Amino acid sequence: MARTGALLLVALALAGCAQACIYKFGTSPDSKATVSGDHWDHGLNGENWEGKDGAGNAWVCKTGRKQSPINVPQYQVLDGKGSKIANGLQTQWSYPDLMSNGTSVQVINNGHTIQVQWTYNYAGHATIAIPAMHNQTNRIVDVLEMRPNDAADRVTAVPTQFHFHSTSEHLLAGKIYPLELHIVHQVTEKLEACKGGCFSVTGILFQLDNGPDNELLEPIFANMPSREGTFSNLPAGTTIKLGELLPSDRDYVTYEGSLTTPPCSEGLLWHVMTQPQRISFGQWNRYRLAVGLKECNSTETAADAGHHHHHRRLLHNHAHLEEVPAATSEPKHYFRRVMLAESANPDAYTCKAVAFGQNFRNPQYANGRTIKLARYH
């Protein structure tokens, strides 16, 4: 009898979902987001990420040995080991303001994060040290093994987009922060291994503050779309002061890691800033609603069901993260036009946020990796 009752409850729940149901971020039926490869979401914070990308290549989220994020050790631990990046080998950042002309800067809800991209040749960049004498075996992460007096060259890393995670993905000495910003950079010069594109990511942590909203975040948060697979153009004249989003104290921890979302490709050079920026309680709540749980109701009649309309929405040329090529990989076209996939009548649903959400991956084992501290001067 108990089993029969349980089955009846399940059947009633499924029947109820035909009219209204709660969907976690990344699964909303009104989504117009692209689908490439196996579906994934942050429901279990990456613990169930086993699948393949759109080309049929297996993700390495569960098998990789240099995965991100990690729990960053305390300063004293790194100082005690002498694990430091020499001043002359430290990464340098230069980010002028991002300026929208009304269509050149977008805030995108892609069903996995809130992301900012641009369609013009932004002059921002970072420069990363590499060995002065480099060959086809050298990689973007070689700075981790360079000694203070080693002769160095530099490569330019061009930012292609930035996005957010809540709560933070990296931990500092076990501490979790409410928000983390990732600025994704691409390197295509000098190193043979980077001809198809190498990636470096700069992570900025945010801590809650009792004061007013952080004005640096407001142009983004004021334009966050709530619907997955859609974007908002920043109004003409709106600026994002990306350089000021970097902490004034630019001490950072650096290590070799991976993408924090499928396919979790490895070989990335990570920089995690150790001084957090600030975010207000209201801004944090707004972000968590944008990636929150949705209650969706179907407005489609039985007659409509056989006449699903297909919707396609064009985004723009942008750097699309697929996988980090190995030194022997063929060059890939990372800049391409992305068309949001056809969906079975997503407009047949009305959805509203009903609970706060999250979009972070759990920390991964360091597995003996080299982790170094840069004391910025």
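Just so you know, glycine gets a Cβ as well, placed from its N, Cα and C.
Taken from Swiss-Prot, the feature signal peptide covers 1-20, and the record attributes it to experimental evidence.
Mean model confidence of the domain 'Alpha-carbonic anhydrase' (38-318) amounts to 93 (pLDDT, 0 to 100 scale). What Swiss-Prot records for 38-318 is domain 'Alpha-carbonic anhydrase', and it gives sequence analysis as the kind of evidence.
Per Swiss-Prot, N-linked glycosylation site is recorded for N101 (among others), and the stated evidence type is experimental evidence. Long-range Cβ neighbours of N101 (N-linked glycosylation site) (same chain, at least 6 residues apart, Cβ-Cβ under 8 Å): Y120, A236.
The active site, proton acceptor feature in Swiss-Prot is assigned to H112. H112 (active site, proton acceptor) counts 19 other C-beta atoms within 10 Å of its own C-beta, drawing on all protein chains shown.
Around N135 (N-linked glycosylation site), a 10 Å sphere centred on its CB holds 9 further CB atoms from the protein chains shown. Feature annotation from Swiss-Prot assigns N-linked glycosylation site to N135 (among others); the stated evidence is experimental evidence.
Under the DSSP three-state reduction, H163 (Zn(2+) binding site) is assigned to strand. The Cβ of H163 (Zn(2+) binding site) has 19 neighbouring Cβ atoms from other residues within 10 Å, across all protein chains displayed. The Zn(2+) binding site annotation in Swiss-Prot covers H163, H165, H182.
Per Swiss-Prot, the feature N-linked glycosylation site maps to N297 (among others).
Distance noted between the C-alpha atoms of N297 (N-linked glycosylation site) and H112 (active site, proton acceptor) is 21 Å. Annotation for the binding-site residues H165, H182: lowest Cβ count within 10 Å of the residue's own Cβ, H182. The Zn(2+) site is defined by H163, H165, H182, and by the 8 Å test on Cβ atoms against their centroid, the other residues of the chain that qualify are T113, Q115, F162, F164, E169, E180, L181, G203, T260.
Using a 10 Å Cα-Cα cut-off from H112 (active site, proton acceptor), the recorded positions that qualify among N135, H165, H182 are H165. Calculated from their C-alpha atoms, the gap between H165 (Zn(2+) binding site) and N135 (N-linked glycosylation site) amounts to 36 Å. Rounded to a whole number, the C-alpha distance linking H182 (Zn(2+) binding site) with N135 (N-linked glycosylation site) is 29 angstrom.
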